[in-house]
Amino acid sequence: MSDLSAHTPMMQQYWKLKNQHPDQLMFYRMGDFYEIFYEDAKKAAKLLDITLTARGQSAGQSIPMCGIPFHSLEGYLAKLVKLGESVVICEQIGDPATSKGPVERQVVRIITPGTVSDEALLDERRDNLIAALLGDERLFGLAVLDITSGNFSVQEIKGWENLLAELERLNPVELLIPDDWPRDLPAEKRPGARRRAPWDFDRDSARKALCQQFATKDLKGFGCDKLTLAIGAAGCLLTYAKETQRTALPHLRSLRHERLDDTVILDGASRRNLELDINLAGGRDNTLQSVIDRCQTAMASRLLSRWLNRPLRDLKVLQARQDSIRCLLDSYRFEKLQPQLKEIGDIERILARIGLRNARPRDLARLRDALGALPELQNAMTELEAPHLARLAAITGTYPELASLLERAIIDNPPAVIRDGGVLKAGYDNELDELLAISENAGQFLIDLEAREKARTGLANLKVGYNRVHGYFIELPTKQAEQAPGDYIRRQTLKGAERFITPELKAFEDKALSAKSRALAREKMLYDALLETLISHLAPLQDSAAALAELDVLSNLAERALNLDLNCPRFVDEPCLRIEQGRHPVVEQVLTTPFVANDLGLDNSTRMLIITGPNMGGKSTYMRQTALIVLLAHIGSFVPAASCELSLVDRIFTRIGSSDDLAGGRSTFMVEMSETANILHNATDRSLVLMDEVGRGTSTFDGLSLAWAAAERLAQLRAYTLFATHYFELTVLPESEPLVANVHLNATEHNERIVFLHHVLPGPASQSYGLAVAQLAGVPTAVIQRAREHLGRLETTSLPHEQPAAHKAKDAPQVPHQSDLFASLPHPAIEKLGKLQLDDMTPRQAIEMLYQLKNLL
């Protein structure tokens, strides 16, 4: 709103502030409430389910309004942040008692989904990331910031495909893009995408701002000096963070250069299908992390999630982690460390809040307890001889001076906020103790003073009192007023009484009337000074937090290795993937019966397995467990297998299951083909590829042709491939492609019911058991019976598919029979004969039916 002259002074002040933040909800402090006006009020009332009302008039119109009590702010903020909204907090900074006109107000905080730091607004086991993006169709600079930990990274990525896969991995809650980019770009479709002015991405300004933030002359030390696009994106992020926090950011100390080549790349479909930390329903149950995460601290859980979503190809790092896990397993050393690690808590985020100067008293109490636990933990770590663990121990250190300071300063169980005081211990500051004593002991002082004055003057009717208008006084009956001592100064005359004050009482009054407010101000000043002291030690404290989080993850992986029967994989130079008695780590935990372990062997002689077998026979489980074993190996973990030998892989692809993409206007088959195309374009001879039921979303012959061609292409690429299919024609591929082999999941039928044995055996399956699975699923008996009739008719009249000429050799494998859906219909007599229920017929009925059948011939 530009013309403010018609508004009241209060609303003029409001609009001057609101015009600076047009796209964010403004919470405007008025006394004990945050008021919300105009369109913000209508939106907030709906989102928060609070009453919308009106507040008088301004500019001739009533003002839509809603409000919340100031002490309930955090709960409402949490709800709005979860809904993706941003909120501007506008506080009163002037004194209402001395202000002429509206009390002075200013914006003190801007809360956005990506820049929140309050514990109540965060998921403790998930990173809360904000990203910025700059580039063109060919090359992109991506910067990512977690303001709750100080982790700040940059990278440059080629092409939309790789960029979208990386955004899927990071899942930032906010994504900043230049306002001059074309509309409807793929990145803008992500939730939380926000446009920023192009000058926020200026590369020269960004470089200067980053060097100033890190107190360096250039960015060469971070290995990203030449990443101009990423630097522009990082500069935008830094500006945005400072704009929202309204304070310096001392906990942002460095910039990490990430490279896709250092990682095993998983696209979005693969992450979803493997259910690493989010299941297909969007929850966390029955995910890989739910099984392998028994970390003692939330910061370690977040680190483990980062490892799972960013497996490494750096053999030195992986072997260092393996050695650390072995060391922690030796003599069950992890059991001694884990209870001590639990005492550390989430100091990573506590330190970030200290850096942002919004740490709460309970944050400092938790930091005090963590620092107090470090010496005992440090002693336990001296026994760990693994080189990587020794480095972590050296980084961790101890902080006796800070621990002592916090022990002297913070009471055992402090209140949630500093606002009302009661945080600092007695004895920490003499002036504060005196002010608190005056405030808390005023009543006793007056009682003692009255007793002393009665004794001094001999006036038994003397009283000491207080009222808000005249303050403290000594009261005497009018008849005794003339006997008042010389140091009594007349203050007030009443009917029948005179009130006096003495120099001693006046001095006490001056202290007492302001003692409480002065005590609160003094305590806040001391608390802020305490934060500044901690900020001066922030760098080593953050390094210690990172080391402790990694120690926690490694201890957790050792505990999981012991209790889940995991074994150390061995990386080799020879291209291979050999697994003995491999298991699915998640399925194994939910089964009530023993899990059937299986072997897998892929090397230079066999690069692809064609997997056949019945639905529910275990094909998808076998494929997924292979991918999870490979992924766990690439985070340095032990794996669910008796043994595992593998070479480093560059990518893991999964095309398992599909659903349509209604929002994107794509059918199930289109989604399936898009995922297949991505695999065929990007897979290499170092990639692991899982393909399940390719081609099932279209007609039989189209689907078979596509599946066949895709399998041939993957065989030619020499990718490590598990190709599950119900197209039995594909089982002849080994005859034309020497790197392909057949395996199947076995099953048997007993009393017309299927029994899944889940063993992976060489060769193709003999049949698909489709009707048996349908019966197991509860399809009505009549429908199953009718299906058997149709199946019998089709198998009786169909012609076998002719094999390609290349596969007609006499030693070609026997392909299980597939029905020809286009064969001629059976003779009516045969069809009627197939429907007969012979066990229900009498001899006479059987003879009559025989004559009827003869007449049909």
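Glycine is treated like the rest: Cβ placed from N, Cα and C.
Feature annotations, courtesy of Swiss-Prot:
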BINDING   GLY613, PRO614, ASN615, MET616, GLY617, GLY618, LYS619, SER620  ATP binding site
REGION    797-820  region 'Disordered'
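Taking the mean position of the Cβ atoms of GLY613, PRO614, ASN615, MET616, GLY617, GLY618, LYS619, SER620 as the ATP site, the remaining same-chain residues with a Cβ inside 8 Å of that point are THR621, LEU745, ALA747, PHE756. Other C-beta atoms found within 10 angstroms of the C-beta of SER620 (ATP binding site) number 23, with every protein chain shown included. Among the binding-site residues PRO614, GLY617, GLY618, the residue whose Cβ has the fewest other Cβ atoms within 10 Å is PRO614. Under a cutoff of 8 A between CB atoms, and with a sequence separation of 6+ in the same chain, the neighbours of LYS619 (ATP binding site) are ILE611, THR612, GLY613, ASP692, ALA724, LEU745. Taking the binding-site residues GLY613, ASN615, MET616 in turn, the residue surrounded by the fewest other Cβ atoms inside 10 Å of its Cβ turns out to be MET616.
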